[in-house]
Structure formats: C-alpha cells, structure tokens
Amino acid sequence: MTVILHLRAETKPLEARAALTPTTVKHLISKGFKIYVEDSPQSIFHIDEYKKAGAIIVPAGSWISAPRDRIIIGLKEMPEEDKFPLVHEHIQFAHCYKNQAGWKDVLTRFINGNGTLYDLEFLENDEGRRVAAFGFYAGFAGAALGVRDWAFKNTHPDSEDLPAVSPYPNEKALIKDVVKDYKAALKRGAKTPKVLIIGALGRCGSGAIDLLRKVGVPEENIIKWDMKETARGGPFPEIAAADIFINCIYLSKPIAPFINFDLLNRSTRRLRTVVDVSADTTNPHNPIPIYDIATVFNKPTVLVPTKAGPKLSVISIDHLPSLLPREASEFFARDLLPSLEQLPERYTAPVWVKAEKLFNRHCARVYRSSKL
C-alpha cells in the first residue's frame, strides 16, 4: 500500500523549518511514497524546490479537509485556538508529556476525532536515544543569541534590550553578525566572557560549544558541565560567576534548581545572560525558576527582576533552530529519513508502540513511537 504524506505549513510565527525538505521528499518519492506539500509563506524552502522534487503542491491549511489516508506531518504544535477534532494520523512534536500547559486540550482533540499522534519526541532507537532532534542547532543558535545579548549589554545602556532577530539564510551569515557584536564589546573594554554550559556532552551542548569556538571565545572560557559536575545538586554559585549561562538539558523529573534569586541578588554576580534552550516555561520541573514566559524572535529577552548586580536577561525561545532553518531542517530530516522509510511496514507489522494517557475518565489512544 502506498504511503501518503502531507506536509502541513507551519503556523507558529517565524517558524521557517520543515519536517520534510526537498531533498528528503525526492528520496521518499523514489521509494514509492506519494507526498503533498502545502505552499507555506514562511518556509525557508521555496515551493518550487518541492515541486521540482516531485511533490504535489496544495494550499496552506488544506490538511484539515484532506482524505483520511494521508499522514499529516509537521514540526511545531498547531494553533491553540483550533479546537476541531483531529481525524488523521499526525507526526509532530506535540509537547504533551511533561505536563506542559494545554496538554489535555491537545490530546482531547485526538480522542474526539479518533486520530493518532506519533510524537517525534519519543522516536527512539534501541538504546533509548532520540533518533531525530534539533538539539545541535538549538544549542548553536542559543549560544549565538547569548553572545549577542552579552555583547549588546556591553555596548548599550541598560534601558535598551536586544532587538528583534530573524532567521538567517545560512550559518556563515549568523556567525558574521555574532563576531561583529563580540568584537565590538571587547573593543569597548568588556572582558572576554566566561560561558558555562550544562549538558555540554549532548547534542545541544555540542552545538553551543561549536558556535562559541567559531566566534572566537577562548577554549578556557568555555566551561563544560554535564552529569558529573551537577551530581552534587544545585543551586550552583559557579553559574552566577559566569557571564553567560546556557542550559542544554531537558528534564522530566524534579531536581534542585540550578540557580536561584539568593545567588542572583548578590553584588558580586557576573552573570548577565541566561539562555534556556529547553524553554520549558510551563514545566513544573524547570531548573531555572527565575522567569515564567517564553520569549520570541521579535522580543528575544525577558528581564529578570534582580535586586543587585548587573542587568540580567533570559533568552527562552522555544524554536531556536529556526534561526538557521535550512541547515536545521536538513540535519533533522536526514536523521528522520530512515524511520520514515519504515512507514509502509506499519500496515503489516506492529512497528508503532502504543502508550496510553489517562485523564478525565477517558483513555486517550495516543502513540509515542519507539520505532517506525
């Protein structure tokens, strides 16, 4: 049986990534897939690239009334204001399994429509590691904005905040802007920043380290922490002693906070910029309980109300890889491709692992994939 994929247009503001790229579309079609692609006004990929790859082009939002035999694939969550039942099979990041705000509403839509959710966050290999993730470019982009915010604070008055940012066409263009800001701060007399990264051994941490090296932060100023360094439990005074702190870990269970206001409200604090790549603002296990809103590209920072020390801001953008949408999409789609190629097997074998979520006396038949 032919597998039919329908790539929906992303609706989150400034979300320019795509779950399928023209490269992966061309490959899947060569394997017998049939693929529809919605004409997206904000995608980094021009619709002609998909058309050339062999996709059937359809209007944005047409997935809603598409035949039920299509698997709807996307990245970010659908608009919160949409309440209609979901009748299709959906492949996406649902953001439902860490008690995020609105998770019941999302899953209820699948129950009411008898639809199916294949949550990309739980697509894992036999070792329990995620198969496809945007972690590397999340860390890369987060570090880029962290350095830019630190530099901005050293070249502008406290009354001004880091201005709006927008997606870059490629990595080279992003690095050029970061280096320009970084050198301007040093020229104005700023000391070379110390950057502390928690989760340095993972994909996200690797991306952050890569960016810092490429823009010229000395190796000795890149403080790499992982499980060994955090084993004693927070809060950690070392974070307050750094200039930039980048959190690269995602939590599913409570731990002691990494930083608190007792450390922040000291005149000896050096910390000026926090980049929370996880941006789990509604997660009760957030280890950085010093802010409560997700920031956006149009307003990338939120002020932390401290009583002493220099101005402190948090960057908590929940789709940081969108800063480099083309590279991030290609990186992600390449890793996802082998799993998508297994989709035809779902018609003949139990290749999707079912997980049940209970709430409101209903059993939500939602699927978390461990294999495709």
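Quick reminder: no glycine exception, Cβ is built from N, Cα and C everywhere.
These come from TrEMBL:
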ACT_SITE  Lys76  active site, proton acceptor
ACT_SITE  His95  active site, proton donor
BINDING   Arg129, Gly202, Arg203, Asp226, Thr230, Tyr250, Val277, Ile317, Asp318, His319, Leu320  NAD(+) binding site
DISULFID  Cys204-Cys248  disulfide bond
DOMAIN    6-141  domain 'Alanine dehydrogenase/pyridine nucleotide transhydrogenase N-terminal'
Among Arg129, Gly202, Arg203, Asp226, Thr230, Tyr250, Val277, Ile317, Asp318, His319, Leu320, which the record lists as binding NAD(+), how far apart in Å are the two most distant Cα atoms?
26
For the C-alpha pair, I'd like the distance in angstrom between Lys76 (active site, proton acceptor) and Leu320 (NAD(+) binding site), rounded off.
12
Given the binding-site residues Arg203, Thr230, Leu320, which one's Cα is the least distant from that of the residue listed as 'active site, proton donor'?
Leu320
Suppose we draw a 10 Å sphere around the Cβ of Arg129 (NAD(+) binding site). How many other Cβ atoms does it contain, all chains included?
10
How big is the Cα-to-Cα gap, in Å, between Val277 (NAD(+) binding site) and Cys204 (disulfide bond)?
8
Around the Cβ of Cys248 (disulfide bond), how many other Cβ atoms lie within 10 Å? Please give the count over every shown protein chain.
28
